[in-house]
Amino acid sequence: MEVKDIVFMNKGDGENSYVKSAGLTLKVIAKTQPMVQKAVQSLFKGTHSAPLQVVNVADLGCALAPQPLESMSIVIESIVEKCGELGCEMPEIQFHFNDLAGNDFNTLFKGLSVVQEKYKNVSWFAMGAPGSFHGRLFPRNSMHLVHSCYSVHWLSKAPKITSEEGLPLNKGKIYMSKTSXXXXXXXXXXXFEEDFSSVLRFRSPELAPDGRMVLILNGRQSADPTEKDICYLWDLLAEALSYLVSEGLIDEEKLDSFNVPYYNPSQEEVERVIDKEGSFTTEFSDTVVLEIGGKNAWSDPGLRIKGYRCFSEPVLSHQFGEEVMDKLFDKAEEILAEDYKQGKEATKNISIVVVLKKKTNQTWT
């Protein structure tokens, strides 16, 4: 399944929109803010013969407000702080917001008025850059900072988990799970390695000398790709989908043949791909854990399901139909509420963050 036209966050600002339900991603951005600040400020102590007059910043898979606006604010404030420390003139800042064509860029750009009001004395500009980050997006040596939060773990296509005869090997599931065949994990891991390598390979010529890239991925802590905290969401939705199959609302074949184009890598997997691809040196790498169990905003099943729905619904509705989405997520909420009572829900959100520096003296074909 080609996903370039169907992977995007829920549009607009309605009840089930990404705008209203992106709280977890904002927590991830806040938790990783020091790493982003350090990467931004390192741009001002490289081999540049003169202070930068323009800083070009790309946000890959930006989605829509409030996530990219928060990242944008961190970049601006980091540059203001560093220029104040060095006593140098503030450069102009050009933000390039990248996502697939299906992204709701209109809602994103409407939110820029908040940033404009907040940073009246900073000269910044914004533009959209639609396209896939699995290919080239920008001119050579043009970007000083590339940033991406919770995007590059999405795959360019769904992993093919079938037998030699073409029969599905992950029946009743939409992601890896404890009951999945070993082929499911191998196919998904191989797809991630291929796609992540392409992200690195195509960014390398686009980054200026001494350019930095900050990537934040939804990942996992252990070597086990089926650990509970990363598979819980997809197991929950698979159980709800199985219920819809039993009710005759969707075809069983549609469920058995479907796998989400998503992969939660470990820190070791991310570092291994970076080293193998060879375009970047790793300046910083870490696994960041957010507790989402207990008494917090996600302890309400309804709010948690909205958080899941805002990013998973577009790809699910393409496979199973928009007409069953309300029933699907209502059932998922019902299952989640029961899991809460039994203490079976996921309690952690895992992020992998890496800060990369472009290697010098490279040639590209």
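Note: Cβ is positioned from N, Cα and C throughout, glycine not excepted.
As the structure is a computational prediction, the values presented were derived from the model and not from experiment.
What Swiss-Prot says about this protein:
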BINDING   Tyr18, Cys62, Gln67, Asp99, Leu100, Ser132, Phe133  S-adenosyl-L-homocysteine binding site
BINDING   Thr25, Tyr150, His153, Trp154, Phe311  theobromine binding site
SITE      His147  site 'Involved in substrate discrimination'
BINDING   Asn170, Asp256, Phe258, Asn259  Mg(2+) binding site
SITE      Asn218  site 'Involved in substrate discrimination'
SITE      Tyr262  site 'Involved in substrate discrimination'
SITE      Glu322  site 'Involved in substrate discrimination'
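Positions of Swiss-Prot features highlighted on the structure.
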{"residue": "Thr25", "record": "theobromine binding site", "Cβ neighbours (10 Å)": "25"}
{"residue": "Gln67", "record": "S-adenosyl-L-homocysteine binding site", "Cβ neighbours (10 Å)": "25"}
{"residue": "Asp99", "record": "S-adenosyl-L-homocysteine binding site", "Cβ neighbours (10 Å)": "26"}
{"residue": "Phe133", "record": "S-adenosyl-L-homocysteine binding site", "Cβ neighbours (10 Å)": "24"}
{"residue": "Trp154", "record": "theobromine binding site", "Cβ neighbours (10 Å)": "23"}
{"residue": "Asn218", "record": "site 'Involved in substrate discrimination'", "Cβ neighbours (10 Å)": "24"}
{"residue": "Phe258", "record": "Mg(2+) binding site", "Cβ neighbours (10 Å)": "23"}
{"residue": "Tyr262", "record": "site 'Involved in substrate discrimination'", "Cβ neighbours (10 Å)": "25"}
{"residue": "Phe311", "record": "theobromine binding site", "Cβ neighbours (10 Å)": "23"}
{"residue": "Glu322", "record": "site 'Involved in substrate discrimination'", "Cβ neighbours (10 Å)": "11"}
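A distance of 6 Å separates the Cα atom of Tyr150 (theobromine binding site) from that of Asn218 (site 'Involved in substrate discrimination'). Candidates His147, His153, Trp154, Phe258, Asn259, Phe311 (recorded positions) were compared with Cys62 (S-adenosyl-L-homocysteine binding site); those inside 10 Å Cα-Cα are His147. For the binding-site residues Ser132, Asn170, Asn259, the largest tally of other C-beta atoms within 10 A is found at Asn259.
Shown are the binding-site residues Tyr18, Tyr150; the one with the most C-beta atoms within 10 angstroms of its own C-beta is Tyr18. Considering only the binding-site residues Leu100, Ser132, His153, Asp256, Asn259, the residue whose Cα is spatially closest to the Cα of Asn218 (site 'Involved in substrate discrimination') is His153.
If you take the CA of Tyr262 (site 'Involved in substrate discrimination') and look 10 A around it, the binding-site residues you hit from Tyr18, Thr25, His153, Trp154 are His153, Trp154. Asn259 (Mg(2+) binding site) is 21 Å away from Phe133 (S-adenosyl-L-homocysteine binding site) when you measure Cα to Cα. Cβ-based crowding with a 10 Å cutoff singles out Cys62 as the top-ranked of the binding-site residues Cys62, Leu100. Annotation note: Glu322 (site 'Involved in substrate discrimination') sits in a helical segment as assigned by DSSP. Take the CB of His153 (theobromine binding site) and look out to 10 A: across all protein chains shown you find 23 other CB atoms. Take the mean position of the Cβ atoms of Thr25, Tyr150, His153, Trp154, Phe311, the recorded theobromine site; other residues of that chain with a Cβ within 8 Å of it are Gly61, Cys149, Ser151, Asn218. Take Thr25, Tyr150, His153, Trp154, Phe311, the residues named in the record as contacts for theobromine: the widest Cα to Cα gap among them comes to 15 Å. In the three-state DSSP classification, His147 (site 'Involved in substrate discrimination') falls within a strand.
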